[in-house]
Amino acid sequence: MEDFHNISIENDTDGLEPYLSTTFFVTSCIVSSIGLPLTLLAIYALYSLVQENNVAPVYVINLLISDLIQMCCFVIWVAQPKNLIMFVVSGIIHSIGLMASVGFMVCVAMERYLVITCPLWYRFRRNIKITLVVCFTVWVLPLILGFLSYFILKFLQPHILLSIYLLVPFPLLIFFLAGTLKALSSSISVPLEEKRRIVGTLVLVLLNYTLLFLPTIIWYMSAAITENSAFDHTLQIIFVQFSPLMDLVLYIFMKKGAVDKLLACLCRCRMTTEQEQG
C-alpha cells in the first residue's frame, strides 16, 4: 500500500516482497475471484434500493466501489507485471481506494446513527444531493492528503501520516455504536427488525475496522516510532485484503427482511443439528 510511494523506479524491488509472496498471491486470488462478481451483483442490487428518502445504500455502493478498486489492484499484482511503474501506479490507486473505504465506513455508521438519534432532523435533511456531495468529499480527501504529503514529508513520516488518517475513524465508529445502542434502548417507535439492521450494520463496520484495519495501523505506527522498516508486514497486508469480503455482508443489513430470514435460517439449522444429535 503506502510502501509503493517510497519505491524508486531506478531501485530494485526492495519493499515489494510481501506483494510477491506465495501467501499474498493465494489470498489475492481468493478475494478477487469471490469478491469481484459478488461485489458487482451487490452494487446492482443496492442501486435499486436508492430512493430520495433512503440514501444509506449510496454510501454502501461507494464503499463497494472502493473495494472494487482494491481488488482490481490485487489482480494486477497477481499478474506481476515486469514494469515497475505499473506496481507503483496500482499501489497509489490501491491506497486511494483503501482510504476511501475507511471514509465510507464512517459515512455508513454516521447515517445509521443519525437515523436513530436525530430522526426528525435527519428526515428533512437527507436527500440524494447532500449524499452525493458527501461521497465526493470522501473520494477527494485521499487525493488532497496525497498532494499534501509531498510538502510535509520532511516533518512527518509517511507511516505516521497514513496511520493518523486511518486511526481517526476508530473513535467515531465507537461513538456511533455506543450512541445508537443508548438511543435504541429507550426507543419504542423503531421496529424490531429495523433495530437489528441498524445495530448489525454498526457492529459489522466496527468489527471489520478493528480486526482488519487496526493491526495494519499498529504496524505503521510501530514502524514509524522505531524507524525500522525491516518488519515483515505480510500478515497486516493480508488482513486488509479480506476487508472487501467483509463489506459484502453490509448488503444483508440494507435489505428489509434479510436479517430476519438469516436469523430464521440459523435457527432452523440449529434445531436440525440438535435433532440429529438427539
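Glycine is treated like the rest: Cβ placed from N, Cα and C.
TrEMBL does not curate its annotations; it predicts them automatically.
Per TrEMBL, transmembrane segment is recorded for 24-47 (among others). Residues 18, 57, 60-61, 64-65, 67-68, 71, 74-75, 77-78, 234, 237-238, 241-242, 244-245, 248, 251, 254-255 of the same chain lie 6+ residues outside the transmembrane segment (24-47) yet bring a C-beta within less than 8 angstroms of a C-beta in it.
Residues or ranges marked as domain 'G-protein coupled receptors family 1 profile' in TrEMBL: 38-251. Model confidence over the domain 'G-protein coupled receptors family 1 profile' (38-251) stands at 82, taken as the mean pLDDT rounded to a whole number.
Through the fold, the transmembrane segment (59-79) approaches residues 19, 24-25, 28-29, 31-32, 35-36, 39-40, 42-43, 46-47, 50, 86-87, 90-91, 93-94, 96-98, 100-101, 104-105, 107-108, 111, 131, 134-135, 138-139, 241, 243-244, 247-248, 250-251, 254 of its own chain, all at least 6 residues removed from its boundaries and within a Cβ separation under 8 Å. Among the features that TrEMBL reports, transmembrane segment is placed at 59-79 (among others).
Among residues of the same chain six or more beyond the transmembrane segment (85-109), those with a C-beta under 8 A of the stretch's C-beta atoms are 1-5, 7, 9, 16, 19, 56, 59-60, 62-63, 66-70, 73, 76-77, 134-135, 138-139, 141-143, 145-146, 162, 165-166, 169, 172-173, 176-177, 201-202, 205-206, 208-209, 213, 240, 243, 247, 250. The transmembrane segment annotation in TrEMBL covers 85-109 (among others).
Per TrEMBL, the feature transmembrane segment maps to 130-153 (among others).
For the transmembrane segment (159-178), the residues of the chain that approach it from at least six positions outside its boundaries are 1-2, 95, 99, 102-103, 105-106, 109-110, 112-113, 145, 149, 152, 202-203, 205-206, 209-210, 213-214, 216-217, 220-221, 223-224, judged by C-beta separation under 8 angstroms. What TrEMBL records for 159-178 (among others) is transmembrane segment.
Taken from TrEMBL, the feature transmembrane segment applies to 198-221 (among others). Non-local neighbours of the transmembrane segment (198-221) in the same chain are 2, 102, 105, 108-109, 112-113, 115-116, 159-160, 162-163, 166-167, 169-170, 173-174, 176-177, 180-181, 184, 190, 231, 233, 235-237, 239-240, 242-243, 246-247, 249-250, 252-254, 259; each lies 6+ residues outside the stretch with a CB under 8 Å from one of its CB atoms.
What TrEMBL lists as transmembrane segment is 233-253 (among others). Outside the transmembrane segment (233-253) by six or more residues, the chain places 1, 17-19, 21, 23-24, 27-28, 31, 34-35, 38-39, 42, 45-46, 60, 63-64, 67-68, 70-71, 74, 98, 101, 108, 197-198, 200-201, 204-205, 207-208, 211-213, 215-216, 219, 223, 259, 262 with a CB less than 8 A from a CB of the stretch.
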